[in-house]
Amino acid sequence: MSILVKNNIHWVGQRDWEVRDFHGTEYKTLRGSSYNSYLIREEKNVLIDTVDHKFSREFVQNLRSEIDLADIDYIIINHAEEDHAGALTELMAQIPDAPIYCTANAIDSINGHHHHPEWNFKVVKTGDTLDIGNGKQLIFVETPMLHWPDSMMTYMTGDAVLFSNDAFGQHYCDERLFNDEVDQTELFEQCQRYYANILTPFSRLVTPKITEILGFNLPVDMIATSHGVVWRDNPTQIVELYLKWAADYQEDRITIFYDTMSNNTRIMADAIAQGINEVDPNVAVKIFNVARSDKNEILTNVFRSKGVLVGTSTMNNVMMPKIAGLVEEMTGLRFRNKRASAFGSHGWSGGAVDRLSTRLQDAGFEMSLSLKAKWRPDLDALELCRQHGRDIARQWALAPLPETTQKTTPAEEITTCAAADLGPKMQCSVCQWIYDPALGEPLQDVAPGTPWSDVPDNFLCPECSLGKDVFDVLATEAK
């Protein structure tokens, strides 16, 4: 099946509704993807890119239903990655002499995947042209490291279509092809997710390359990407977004993510967020448990944020493995113009937070003071967490915040009041988790200072997920 793109240009690609992993398992394609290939029929017939290798046979069969394969005059490979050039072996078995136009770097990549150095490669550079008849030409623009060394774009004169390769695309599958036909919220979420997780390391190259392309003074009526939609309605809107995202992008947003062994670091995260909100209720704060969250969503939020707070329990004197992995990935993404702070709980040894602070600094973040708590945070420790959040809110504010008078209750008074009025601590008889009325359980909307008798009946133990009926009065407090 083909879809008319414009005049003599047809989409002959492949939708992939089921794909959920990309680049191994590093990118979660929660809304599927598409592999966009385009057939141009002028006096010369041109195929731009193929599809992912797993669809090779279907692609060639579908292409044969559109055109006699022997009538294809030129093949353009904008990018040698297997989701673009994966069907070349199947196709070239049918038309072995067809010329393949690509960059010099692409020849190395294509041969590395397909092992056919005898193919008829034609090397092109920025500014080279290819006459396709009817007064139209293809103009090639090299775009190295956006996002592979072999990458290029192809511009078609006359129809003013830019075949943009990975740039301006998104992993987004829909039966409809054009940007004005699909859900706009979904579309732009996937555009930003794609940029944040794939193109962020190359942001320093995005602006000069777009400037170079604009310098050709060529009209762009349509942008035909390699993944996702074709931009036909106001195509420059995505170009403007890329320029914005490439300029050390940040919103008035703070991302907190953590991993925890006994929920202690989670409690710290919640208290820090409360402190931030007390001082700056306008800043958006998002909290993620890395063990239960989509990694790419976390990284997209980091991309959007002015700062990030990263929490970890100490395990074997180092940070939790999922935190270490995510920080390593942030190092590779090379975020700029962002601040960071490490926090976490520990028992007899607290080496993780210091290691985490060093890793975040090595990743290019401007560091603020870290915060540690020993064992499960008590009232004093929770107040320190909230104060840390207040301090962070002021330090990271994009504009000066009004001064506020913080009313505090002495810790001794709180403790006395808690002991006198809140009743005993309760212990889960299954996993031994302890409910402290003075601390509550904020993640289940049980506020600090809530007696066990007032805890909702649908309360679940944070450790073993069993209900209130498995709790007993803590033995040390039983009378």
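Placement of Cβ uses the backbone N, Cα and C atoms for every residue, glycine included.
Keep in mind the model is a prediction, meaning the values are calculated, not measured.
Mean model confidence for the region 'Zinc metallo-hydrolase' (30-210) is a pLDDT of 96. If you look up Swiss-Prot, you'll see 30-210 marked as region 'Zinc metallo-hydrolase'.
For D166 (Fe cation 1 binding site), other Cβ atoms within 10 Å of its Cβ number 23. In the three-state DSSP scheme, D166 (Fe cation 1 binding site) falls into the coil class. The Fe cation 1 binding site annotation in Swiss-Prot covers H79, E81, H147, D166.
Here Swiss-Prot flags D83, D166, H227 as Fe cation 2 binding site.
What Swiss-Prot records for 254-393 is domain 'Flavodoxin-like'.
Per Swiss-Prot, the feature FMN binding site maps to 260-264, 342-369; the stated evidence is sequence analysis. DSSP classifies S357 (FMN binding site) as helix under the three-state reduction.
The domain 'Rubredoxin-like' feature in Swiss-Prot is assigned to 423-474.
According to Swiss-Prot, the feature Fe cation 3 binding site maps to C428, C431, C461, C464. Less than 8 angstroms from the CB of C461 (Fe cation 3 binding site) sit C428, V430, C431, W433, G467, V470, F471, each of them six or more residues away in the same chain. DSSP assigns C461 (Fe cation 3 binding site) to coil, not to a helix or a strand.
Mapped onto DSSP classes, the domain 'Rubredoxin-like' (423-474) shows 9 helix, 10 strand, 33 coil.
Listed in chain order, the residues near the Fe cation 3 site other than C428, C431, C461, C464 are V430, Q432, W433, P462, E463, S465, L466, V470, each with its Cβ within 8 Å of the site Cβ centroid.
Sequence-distant neighbours of C464 (Fe cation 3 binding site) (same chain, 6+ residues apart, CB-CB distance under 8 A): C428, V430, C431, W433.
Residue pair S357 (FMN binding site) / D166 (Fe cation 1 binding site) shows a Cα separation of 34 Å. When the binding-site residues T260, A342, D362 are compared by Cα distance to D166 (Fe cation 1 binding site), the shortest distance belongs to D362. One residue stands out among the binding-site residues E81, D83, D362 for having the most other Cβ atoms within 10 Å of its Cβ: D83. Classification of D83 (Fe cation 2 binding site) by DSSP places it within a helix. M367 (FMN binding site) sits 29 Å from H147 (Fe cation 1 binding site), taking the C-alpha atoms as the reference points.
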